[in-house]
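Here is what TrEMBL records for this protein:
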- 1-10: compositional bias 'Basic residues' (COMPBIAS)
- 73-150: domain 'Potassium channel' (DOMAIN)
- 1-38: region 'Disordered' (REGION)
- 65-85: transmembrane segment (TRANSMEM)
- 97-118: transmembrane segment (TRANSMEM)
- 124-147: transmembrane segment (TRANSMEM)
Amino acid sequence: MMRPMAHRYSNRSPGTSGAGSGSGGSNRLSRLTEQEEIDYDDDYVYEDDYIDSEEEEDVHHNKPVPIWLSILLVVGYIFGGAFLFSGWEQWSFLDSAYFCFITLTTIGFGDFVPAQNVKENVEISIALCSLYLLFGIALLAMSFNLVQEEVINSVKSVAKRLGIIKDDDDEDDR
């Protein structure tokens, strides 16, 4: 373990800086020159600030998010949006759910377009639809990522049990 070391300046004292140390102006100049002589080899080094990547992974993978929770969030968001759009756009609930699913999955057939039949507050309707879609696409991407991580962890654990891949603990013992 290395301790942090401060910058080192030249060992010369301000009054003994070589030629011209008797005059006040050159003495001041020599002191400024001495202060600029920094040994950059001894910059601060903090080894304790770096966390071992294996320790960090263990902390983050202890509690995976259940797949059913991610699916429930996405389905709830689609049905919540369907309820909102059926009221805003005067569509049936099934048409609204279809619009939310097609739009959030970025398929976008274009058969349902929001704010087409709205005569008043068109800008507000489009802004609310945009906010719904912005948060919905982020939620969908997050949920897909969480499900992907859970599937990868499950496949790795099955492969370790079958002996296809080695345990990380076995590699550390060697």
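Placed from the backbone N, Cα and C atoms, the Cβ positions cover glycine too.
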Same-chain residues near the transmembrane segment (65-85), Cβ under 8 Å, at least 6 residues beyond its ends: 91, 93-94, 96-97, 99-101, 104, 114, 129, 132, 136, 139-140, 143, 146-147, 150-151
Close approaches to the transmembrane segment (97-118) from elsewhere in its chain (Cβ under 8 angstroms; 6 or more beyond its ends): 77-79, 81-82, 85, 88-91, 125-126, 129, 133, 136-137, 140
Helix, strand and coil totals (DSSP H, G, I; E, B; other) for the domain 'Potassium channel' (73-150): 57 helix, 0 strand, 21 coil
Per-region confidence, the domain 'Potassium channel' (73-150) (mean pLDDT, whole number): 93
